[in-house]
Amino acid sequence: MVLTSRGKGAPAGLLSVERIAVSSEGNCHTGRTGLLLQGAGPGPRQTQVLKDLDAPFREVPSEGLHGARDSVQPQRLGRPTGSRGDPEDLLTDRRRGSSSLPKPRDGCTSELVVPRTTPPPRRTSRQRATKRAQAARGSLLHVPYGDRERERLDIYFPEDESEALPFFVFFHGGYWQSGSKDSSAFMVSPLTAQGVAVVVVSYDIAPKGTLDQMVDQVTQSIAFVQKRYPCNEGIYLCGHSAGAHLAAMMLLANWTKHGATPNLKGFFLVSGIYDLEPIMHIPENEALLMTLEDAQRNSPQRCLEVALTQPVDAACPVLVIVGQHDSPEYHRQSREFYQALRRGGWKASFEELDDLDHFEIIWNLTQKDYVLTQMILKTIFQES
């Protein structure tokens, strides 16, 4: 990761991070996937939050790292926290057998320079899986659930199409500033093959959309699914990163103004952010324009702690999931949110998935035998 300058108004020790992924062979990959690091100073609030801008990675040759030293300001490269880039990239590097960047030792940093260029787009397995799903016969694309341009969702049905199906509703990540339903249907095939309908939702991202609007749009989209398919056998919400935050906000949503109370039967919260106050102090908040009041009002952790009621059935399972190689802040927030759920009487469980980083943990849903795919199916079909 490349540590860059503090955001405007950030406390000392809070740094923006551009992620560098280093493979086991020492190859380096970079993308628009950096974030914040608060590493200095004592206390429990030392945090490291990994930005989730879902962009492809590119290989950076060693001359690209060292040869641009005269053209850009040097930045410190710290030890990667398990963020290894796209798995396909790493497989390609192993076949090459190259070794352009030595792995830093634990606890030490290297002075390296990374050119600030945007990696070229690249077709990946998840993008191909999404395109296959969109081309399938049993798909309804760009269905409006509201009047705004991005208030659209895609619905993917199993071969035996029916309204009396379990519905898996997915909210993409992207730090509330990137991502779309149009690139997020990669889990469709393994789920529809088992008789689960999949809904992938778009919402207004920053700077056009505010957090309050995003939460309201997600609420509206779920109510729309319930009203359109009232005979469903359960609606199961899943979100990744920022999408997990939005899904978690549905635990205590007020459904009255939307005219339907959804048949919510489960939550899958993957590598989520549940306490938004640290986000206020990084440059990415310039697009969100989040105030302290906004952060508190839209933090699932805080909402749970002050909630007087539980509109969702407390017996509804809530799976809080994090990858082994997610950053420490994702681990902290996930574990604390799980603990808050348990204190509130929710049927919550916590899962740390081995040898997965912030991106692999969700991208691997393309695979039918992937552990998270199986967890989702077992929860939906109540298998032991």
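For all residues, glycine too, the Cβ spot is worked out from N, Cα and C.
Annotation source TrEMBL lists region 'Disordered' at 60-135.
The compositional bias 'Basic and acidic residues' annotation in TrEMBL covers 60-69 (among others).
If you look up TrEMBL, you'll see 85-96 (among others) marked as compositional bias 'Basic and acidic residues'.
If you look up TrEMBL, you'll see 153-341 marked as domain 'BD-FAE-like'.
The average pLDDT the prediction assigns to the motif 'HGGXW' (172-176) is 95. Marked as motif 'HGGXW' by TrEMBL: 172-176.
Taking the Cβ of S241 (active site, nucleophile) as centre and 10 Å as the limit, one finds 30 other Cβ atoms among all the protein chains shown. What TrEMBL lists as active site, nucleophile is S241.
Per TrEMBL, the feature active site maps to D326 (among others).
What TrEMBL lists as active site is H358 (among others). Residue environment of H358 (active site) contains 29 other Cβ atoms, counted within 10 Å of its Cβ in all protein chains.
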Cβ contacts within 10 Å for D326 (active site), all chains included, total 27
